[in-house]
Amino acid sequence: MVKEDETFPCDLIFLSSSRADGTCHVTTASLDGESSHKTHYAVQDTKGFHTEEDIDSLHATIECERPQPDLYKFVGRINVYNDLNDPVVRPLGSENLLLRGATLKNTEKIFGVAVYTGMETKMALNYQSKSQKRSAVEKSMNVFLIVYLCILVSKALINTIMKYVWQSEPFRDEPWYNQKTEAERQRNLLLRAFTDFLAFMVLFNYIIPVSMYVTVEMQKFLGSYFITWDEEMFDEETGEGPLVNTSDLNEELGQVEYVFTDKTGTLTENNMEFKECCVEGHVYVPHAVCNGQVLPTAAAIDMIDASPGAGGREREELFFRAVCLCHTIQVKDDDEVDGPRKSPDSGKRCAYISSSPDEVALVEGIQRLGFTYLRLKDNYMELRNRDNDIERFELLEILSFDSVRRRMSVIVKSATGEIYLFCKGADSSIFPRVIEGKVDQIQSRVERNAVEGLRTLCVAYKRLIQEEYEGIYKLLQAAKVALHDRERKLAEAYEQIEKDLILLGATAVEDRLQEKAADTIEALQKAGIKVWVLTGDKMETAAAACYACRLFRRNTQLLEVTTKRLEEQSLHDVLCELSKTVLHCSASLTRDSFSGLSADVQDYGLIIDGAALSLIMKPHEDGSSSNYRELFLDICRNCSAVLCCRMAPLQKAQIVKLIKFSKEHPITLAIGDGANDVSMILEAHVGIGIIGKEGRQAARNSDYAIPKFKHLKKMLLVHGHFYYIRISELVQYFFYKNVCFIFPQFLYQFFCGFSQQTLYDTAYLTLYNISFTSLPILLHSLTEQHVAMDTLKRDPALYRDIAKNALLCWRVFIYWTFLGVFDALVFFFGAYFMFENTTVTSNGQVFGNWTFGTLVFTVMVFTVTLKLALDTHYWTWINHFVIWGSLLFYVVFSLLWGGIIWPFLSYQRMYYVFIHMLSSGPAWLAIVLLVAVSLLPDVLKKVLCRQLWPSATERVQRSSSRRAPADAAPSPDRPLLMDPEPRPRRE
Amino acid sequence: MAMNYNAKDEVDGGPPCAPGGTAKNRRPDNTAFKQQRLPAWQPILTAGTVLPTFFIIGLIFIPIGIGIFVTSNNIREIEIDYTGTDPSSPCNKCLSPNVTPCICTINFTLEQSFEGNVFMYYGLSNFYQNHRRYVKSRDDSQLNGDPSALLNPSKECEPYRRNEDKPIAPCGAIANSMFNDTLDLFLVGNESDPTPIHLIKKGIAWWTDKNVKFRNPPGADIPLEERFKGTTKPVNWVKPVYMLDPNEDNSGFINEDFIVWMRTAALPTFRKLYRLIERKSDLHPTLPAGRYYLNITYNYPVHSFDGRKRMILSTISWMGGKNPFLGIAYIAIGSISFLLGVVLLVINHKYRNSSNTADITI
């Protein structure tokens, strides 16, 4: 038993509730974030049990499937044993299942029986992480790591071999002053060599920056907060900010080459408004919308009055009733309910709630045409007709909507006892099932609406006689009770039922574009990102939306690979022809760009539909499919925009996969808002969910969730860019500083008889990566902004500078490594020549090996930290604090470490070493000199590159820095980089 | 214009989140840190900013370098190899282990007089004091006068830990191989009998080592020998540690020659301070030019590992002994950076012209 506002402790089968109709409301906010109330239904046979005794007397068994993580699916059945009869079998679905973690609302108490508990509950199963996504940075990091591992092993190997070569003369192996113990002498040569090898490995192991992984993780975790904190990505309307579900992919946002976007709810508002309906060729427009609009069908309202004959009238009313009845909307009487979609008709006290905004728009639209859906009570749907009479229909069956069938149906029984099946769905799924009705007229109207970017649905009906219905009932029941393959069986049953329909009419709903969608797409395209629209909508609707959001421009030449065209030509011919056009274009493009006339090159846009795509993807017997795929990819690559319409969710994922595994392995990003986008979101390198109206499923499965499509721009161009440069600097710097750290040790082996003597004291070895040099780079990688945020937003082309993992390519990696080696050579040999056979103090006393190591280490800590200071373009007080702070910490620590005889140490080798070193003038001079020498080449390289071959980013940096003192207020609209055609990437 | 622009920014950045609505609590804070808008200094390394730095480095480094170089060149230093591998060398006889004790004499001449304090070093080559097995073969607790460590030295000292069932004090390979040649310096004056040069053996070790890090076993009133009771001398030593010097202040673990030896050198060729020769008066040079001879009690074998032994006499400046490297390096880096500055200036000049024209065309 669970009381109101309590959370369900495990997954329960809902037996009965304190409400008379056996329903209860729950909110699953903690499960999927949807705060709306959902209605669940008690099992029919048990909803009468209202006391604990009643429940005790219940004798029933429940069969259910094995625990599954899908929150919205449940298959099971309950056998209720009455004393007299055979057991009654009832199907159980997700509507009977109360999930652990959900909270009971508006219901006093419910009774339920536990089916899944503990780790088997759906909530617990959902804790399982999704398949892990790895960013490109992480991959190259791992490659670099392998390189370093090879370096490590080869270093150890070289030293081991050198050691034995060197030791081959016995006086070197064991001079009189340094004899081995008896045990050491007797050890086997091979064993000794192996232990030596291992000892070298231990000595040099710091070259593998273990702490890098810790720092990278910390950077990613902390860095992701900047996304959630971003005020500009907070949406005032919905009160939602961006969500970060994984912090592993922050830098991947700066690497995106392909964006796959859903249309509905992503590019568009998913805020549906009923535009018109068309019954048998007559067009109706609701008053409210009609105001001030000059539609070609402005006279439509008259049509309602001038009723077109009795039969027409009947059809018309049937149509309205169909729209009124064929849905799964719930009515909320309660105004307090935080349902976001109240009826705009504020005079009504009821609000419609549905998982599909189309349905709400339809029912609201029909309301304006006179038919008001009132409520569903005791399986009777009530609606008020034009004459203000209340009509009641018994709801017999709901054949619920799914994205494969793309339609839904209800079977209702009117008060007069007539049984109707009303079916509503996409035109493509309705028309083939229609046997009667003015198909041509309606189809033309539908197409016209689609071109205007409206979403169309067709409505059809079928009258059933009692026997037919009983047949259907049995069919459905059998399918519903099935434990295995229930989905498939249901689909088959639906297929059988929804046929031989009579077409009534079509509806059109407008879906407005999201604000700044066009702006965002334009920016993305300027940033060198290819935007693909993948939608389930009709081609015409989708194309209209694409024009509206400037994905296609007026001069874009559209290439079509559609079913229609394929009927005329074979796939092969179409593809060949297209590729010829496109390749010719790209050839001319290169010519043009050579001659500098790149301004108006022909843009190509590709439109492909689901059927054609499946043809391309379908593997042929002779294996020629890969040819088609390659051809198709070639075409796609040369098109500035691609629109894929009529896509099933799986096809969306397929497309993403196709691009993902094409030969350049581009980084893909998928963005969508609905459950149908989940597969694509999971498939792409980065999945972004829109916290939209079609529920939270997409947001839940995504890596990042944002409230609006427009936020994608900042997400990629600003955050992605920043994260990428930050993390790449972090990775390269870590490798660099560890080369600096370990390479002197390697060199020292040549001067200490390859005896694995460490150059630095143990404390320095341990603390180098942990405290002397860790914080500056961590903070650098959190706050660095090489270019101002506004500039990045204003100038999307800067995104191209970092495309293709530019900052982690081999060239850069080798540069950093060589810089590290150079610096290490400077440190070591600088100190070597300082110490060689002389004294450096003014009292003639000499220094030992620990002073030598400390000098190298001091120079190194300063160089490495100052190198980071040189790379920092954005000095906040935090950077000042950590950079100067960690240098100060090093000095203070060294003074302290050498200033005391530490009682817990068995050796006192560092005693006063650092202080004595500082008392020597030449040591200071050497530190200054060596730091300067180490930094010189890097400064030189930076300056020369900036001066001679500046990248776009550097030009912007320069111009902005020049502008700032010049006091010229940059106008926010004018891009700083005036180059209309950004330079081709250096490759 | 710019002022307006900035001011507008500030206003935008300030209060707008104050009038809170229902969903406002989820709204991110508008703090400079969270919005990544902390005030920041944004330096960019351009030729313009780096140029002066290069010139300044050049201008500072070259004089420093010249100063160091001159100082280094003014230092007098003489190095005398007395290994005796050369058959003509007077110390050649000492190579065979039979002659004990072996005393040899080497003559040398100072062309110029040594002014100020003169420092006498011994230098060894090819001697790996930085070998790992060697470096760790010591017990700092024992050397610090810890009575328990005295009788039970650390395992690191193996195989120089115990001898004939007695703990070795001081234990370990470093102590065992302590340098034990004796060097004496005589000035051959105009007269026939030479004058010995007074060699001071105090002040050659670090003050902190002598007074803190190294201590004899406790017991102020007891004679030193008693304090080392129960231990034995290192195998290679002739005398036990408490007889290193007749003076108790310089004997035992706090013998300065011993302390100097115990500070292991960084490189296989090294020198260690042996004695000081103090300046007597301002008028006379410490070591006037002339003929000298070095009297060596040759004990320390280096021939077996191809080593060399040297005696070095050197004066010291504020920057230590003779070391041309630092001065040359400073001069070189200073010149390079000056040169680079010039190159950059040229590049910058050219580039600025072209960029200006580019700006105009845009």
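Glycine is treated like the rest: Cβ placed from N, Cα and C.
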Fill in the blank from the handout: Among A:456-478, A:709-731, A:847-869, TrEMBL marks as transmembrane the stretch A:847-869
Exercise for the section: Kindly point out which candidate in A:F234, A:F401, A:F552 is recorded by TrEMBL as part of the ATP site with A:D262, A:K263, A:T264, A:E359, A:K424, A:R455, A:T535, A:G536, A:D537, A:R646, A:K652, A:N676, A:D677. Expected result: A:F401
Problem - Cβ neighbour count (within 10 Å, all chains shown) around A:D677 (Mg(2+) binding site) - result: 36
Handout entry: Per DSSP, three-state class assigned to A:D673 (Mg(2+) binding site)
Key = coil
Practice task
Note the mean pLDDT of the domain 'P-type ATPase C-terminal' (A:699-951), expressed as a whole number.
Solution key: 91
Handout entry: Surrounding residues of the transmembrane segment (A:847-869) on its own chain - C-beta under 8 Å, 6+ positions past either end
Key = 733, 736-737, 740-741, 744, 757-761, 764, 768, 772-773, 776-777, 780, 823-824, 827-828, 830-831, 834-835, 839-841, 883, 886-887, 890, 894, 909-910, 913-914, 916-917, 920, 923, 926-927, 930-931, 934-935, 938
Exercise for the section: Kindly assign A:D262 (Mg(2+) binding site) to one of the three DSSP-derived states: helix, strand or coil. Expected result: strand
